[in-house]
Amino acid sequence: MSSTAPIGVFDSGLGGISVARQIARDLPAEHVLYFGDSANAPYGIKTPEQVKSLSFAIVERFVDQGAKAVVIACNTATSAAVNDLREHYDIPIIGMEPALKVACDRGDVPSDPHHIPQRVIVAATPLTLRERKFAKLMERFDSDNEIYKEPCPDLVEIVESGQLGNHQLVMDTLHRYFDQYDLNRIDSVVLGCTHFVFYRDYFRELLPERAAIIDGNEGTVRHLRVVLESLGKLAPEGATGSVELSNSDPSERIATLSHELLNR
Ligand code: DGL
């Protein structure tokens with residue numbers, strides 16, 4: 001497969017467009033085929049088996065389209081399917097997980113030999129937070145830090161229904177999930193679902209200034225670059241890339257919303 005072949009990027013719906021946007025910024029020579037599965041969203045309240053079977057169907061489609069790599073721009077689909085997908089396909093499959101390591105590493109200050117315990121809220125889908133993959137990730141960090149898991153399924157629905165611009169609705173929803181915490185004690189919030197990346201400004205409004213807002217998009221694209229480079233598959237420098245958006249929901253509403261999010 002040549003280095004000019006496209007990269008398949010998918011999510012349960014519109015959230016992964018935040019990752020496609022990051023690829024367009026950081027790897028502008030690449031061609032991205034984006035597939036949002038909005039007809040089947042949300043994935044976060046399905047069973048792992050359902051999400052696995054939907055993920056396989058999408059990757060199969062990318063393979064038919066000649067993709068040189070696949071990015072699972074969805075923490076939920078990664079937890080349910082990444083291992084099986086990697087076993088089954090021989091193109092690189094890049095997954096995503098909540099950037100808990102980045103949040104906890106903020107407690108390692110070079111001038112201080114001791115780790116400063118971090119208080120971290122991980123906002124993600126119910127499935128991501130329930131799956132074994134996240135439990136293993138948490139095991140690595142929770143003895144030295146305070147980690148709180150907060151499932152926020154309504155934040156997925158708000159993006160999918162095109163209500164991200166409804167300030168009142170979004171802030172009410174965030175307060176409903178986060179008012180139970182003393183936010184002045186929180187060091188960071190991890191956006192462990194690609195839909196939530198679009199809420200960064202709203203989280204900024206909710207959180208005190210000292211609290212960091214962390215997502216995994218930049219890290220994922222960095223990892224994608226390293227993988228493609230190691231295989232000699234990075235698109236030639238100076239080439240003009242593109243992002244082609246498609247969706248299992250063929251409505252005009254979803255097409256318009258997808259373009260708006262990509263250019264946001
Ligand atoms: N955007 C997805 C994620 O990163 C999942 C959203 C959903 O369908 O529940 O986990």
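Note that the numbers count up from 1, one per residue, in the order the chain is shown.
Note that Cβ sites are derived from N, Cα and C of the backbone, with glycine treated the same way.
Here the structure is a predicted model, which means the values were calculated and not measured.
Taken from TrEMBL as is:
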BINDING   Asp11, Ser12, Tyr43, Gly44, Asn75, Thr76, Thr194, His195  substrate binding site
ACT_SITE  Cys74  active site, proton donor/acceptor
ACT_SITE  Cys193  active site, proton donor/acceptor
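Positions of TrEMBL features highlighted on the structure.
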residue	record	Cβ within 10 Å
Asp11	substrate binding site	30
Ser12	substrate binding site	32
Tyr43	substrate binding site	29
Gly44	substrate binding site	27
Cys74	active site, proton donor/acceptor	33
Asn75	substrate binding site	34
Thr76	substrate binding site	33
Cys193	active site, proton donor/acceptor	35
Thr194	substrate binding site	31
His195	substrate binding site	32
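Note: the substrate site is recorded as Asp11, Ser12, Tyr43, Gly44, Asn75, Thr76, Thr194, His195; in the same chain, Gly13, Gly15, Gly16, Ala41, Pro42, Cys74, Ala77, Thr125, Thr128, Val156, Cys193 also have Cβ atoms within 8 Å of that site's Cβ centroid. The distance from the Cα of Asn75 (substrate binding site) to the Cα of Cys193 (active site, proton donor/acceptor) comes to 6 Å.
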